[in-house]
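Feature annotation from Swiss-Prot assigns GTP binding site to 13-18, 30-35, 116-118, 159-160; the stated evidence is similarity to another entry. Residues or ranges marked as S-geranylgeranyl cysteine in Swiss-Prot (evidence: similarity to another entry): C189. Taken from Swiss-Prot, the feature cysteine methyl ester covers C189, and the record attributes it to similarity to another entry. Feature annotation from Swiss-Prot assigns motif 'Effector region' to 32-40.
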Amino acid sequence: MQAIKCVVVGDGAVGKTCLLISYTTNAFPGEYIPTVFDNYSANVMVDGRPVNLGLWDTAGQEDYDRLRPLSYPQTDVFLICFSLVSPASYENVRTKWYPEVSHHCPSTPIILVGTKLDLRDDKETMNKLSERSLRPIAYPQGLQMQKEIHAVKYLECSALTQKGLKTVFDEAIRAVLCPPAKNKSKRSCQLL
């Protein structure tokens, strides 16, 4: 069985841990507890192939900027996450997460993930955003960011409803098993 290491990064509170817990246990966690570092594992079948998917959760908070890259060596695929209802977390994909990941692992594939899809249609959330003259991130904006950061795919999901959730991890596995033609170079991740 092939083992794949998938590291999940993104701002604090965008839903990285919920994404992983909902996927691995089919249950949505209740309260928010900031992650320092966690590991999950799932045996899955993708396209008829058994895979052991090692899922590495990371802390998005700036306090952990020096610690986080310790989880990057030998990463096969990254999920860079942002919340669809947090424009700041979307901007940080460009200014923080892509630069960090591409610095440490320049040829490792990236899946860009918009989280909290269920809240994009939530009236209360929309009102809070519009009070601050903000709007949720629309699908075309996600596609634009995918191009900018050279991500293999852009996907949206909800850990709460599980809509699009399995697809995120299936596509992460496919990015490793069937790499895009342009990424034929040997994947290596160095810690400098």
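Quick reminder: no glycine exception, Cβ is built from N, Cα and C everywhere.
Summed and averaged per residue, pLDDT over the motif 'Effector region' (32-40) gives 70. The number of other Cβ atoms within 10 Å of the Cβ belonging to A13 (GTP binding site), over all protein chains shown, comes to 16. Using a 10 Å radius centred on the Cβ of K16 (GTP binding site) and all shown protein chains, the other Cβ atoms total 27.
Taking a C-beta cut-off of under 8 angstroms and a sequence separation of 6 or more, G30 (GTP binding site) has no same-chain neighbours. Sequence-distant neighbours of K116 (GTP binding site) (same chain, 6+ apart, CB under 8 A from its CB) are V14, G15, S83, L84, V85, S86, S158, A159, L160. Within 10 Å of the C-beta of A159 (GTP binding site) we count 25 further C-beta atoms, all protein chains included. According to DSSP, A13 (GTP binding site) is assigned to coil rather than to any helix or strand. Annotation note: K116 (GTP binding site) sits in a coil segment as assigned by DSSP.
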